[in-house]
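> This is the structure I have questions about; it appears just below.
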């Protein structure tokens with residue numbers, strides 16, 4: 001009966017699932033705590049982490065530990081999965097450089113020769129969008145600190161290498177080099193051409209390496225996560241100047257939208273509107289998720305009109321209303 005009970009518990013863990021959330025490209029620790037008495041059987045301790053599939057045949061091995069001389073990670077988890085502090089009775093799994101493929105249910109199995117412990121956790125990865133940004137005074141004007149602050153001002157964070165890599169795999173092609181959060185300067189190319197590494201170069205991330213964070217000047221790649229609110233076009237009877245656009249959003253109990261919010265609405269929610277509108281940085285842009293004649297006919301994109309004179313009454317406005 002004990003064996004049957006253990007098998008049943010192995011297949012249907014009786015624990016309350018904990019939910020953990022991390023950003024794309026970030027790091028996360030999934031808990032699996034050993035009972036104090038388990039350390040007495042440390043010599044026979046075995047810890048197994050698996051990623052649980054829809055059925056048993058789709059389970060993925062993540063990590064196996066059977067003492068200090070036998071530790072192994074598998075597949076895409078190699079060099080990314082580690083036990084936090086097993087020597088002190090902590091079998092928690094640390095994952096680095098998290099990707100969207102890492103999202104799902106994980107199971108920690110602890111076998112000590114006496115009793116098997118099963119713990120399950122759910123990992124959610126916050127999706128997001130990488131976008132290039134240069135300020136109104138032109139390209140290649142940001143040192144590293146400026147770049148960090150610039151992304152923050154657009155409701156985003158400076159992107160990581162893994163986030164830029166994922167964006168490149170998703171089709172991002174941009175020929176201006178930008179800062180990443182590790183202090184490197186890179187840019188993604190899917191269609192090699194002469195001004196962007198040469199026509200004979202391969203697609204990939206062009207890497208300028210680490211640059212002087214104070215003296216070097218580049219653009220920046222930012223990362224915006226899922227919106228915590230509503231991004232929308234504010235219907236107005238007339239075109240607006242920038243100051244009028246700001247006030248119009250305030251009058252609607254909202255704020256003028258930021259660039260990161262437009263990108264998140266476009267990429268993560270499929271927002272589509274063929275009307276150029278003011279944004280908080282003084283730029284004018286419009287998001288197209290369904291390419292068509294006169295509306296970004298060749299590709300889905302956030303189209304950039306420019307940084308026009310703020311007194312010109314030629315555009316509408318995009319607003320953002322945060323969740324309450």
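Cβ coordinates come from backbone N, Cα and C, glycine included.
Whatever TrEMBL says is automated annotation, not expert-curated.
Fair warning: this is a prediction, and the values are worked out from it, not measured in the lab.
Among the features that TrEMBL reports, signal peptide is placed at 1-18. According to TrEMBL, the domain 'Ig-like' annotation covers 13-124. According to TrEMBL, the domain 'Link' annotation covers 129-224, 229-321. Summarising the annotation, TrEMBL assigns disulfide bond to 175-196, 274-295.
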> How many of the residues that make up the domain 'Link' (229-321) does DSSP mark as helix, as strand and as coil?
21 helix, 30 strand, 42 coil
> Near residue 295 (disulfide bond), which residues of its chain come within a Cβ-Cβ distance under 8 Å, counting only those 6 or more away in sequence?
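274, 288 - these are the non-local Cβ neighbours of residue 295 (disulfide bond), listed in sequence order.
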> Given a 10 Å Cβ-Cβ cut-off, pick out the one of the disulfide-bonded residues 175, 196, 274 that has the most other Cβ atoms nearby.
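Of the disulfide-bonded residues 175, 196, 274, the highest Cβ count within 10 Å belongs to 196.
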> With helix taken as DSSP H, G or I, strand as E or B and everything else coil, how many residues of the domain 'Ig-like' (13-124) land in each class?
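When I sort the residues of the domain 'Ig-like' (13-124) into the three classes, I find 21 helix, 54 strand, 37 coil.
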> In the predicted model, what is the mean pLDDT computed over the domain 'Link' (129-224)?
95
> Just give the helix, strand and coil counts over the domain 'Link' (129-224), going by DSSP.
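So the counts come to 19 helix, 30 strand, 47 coil.
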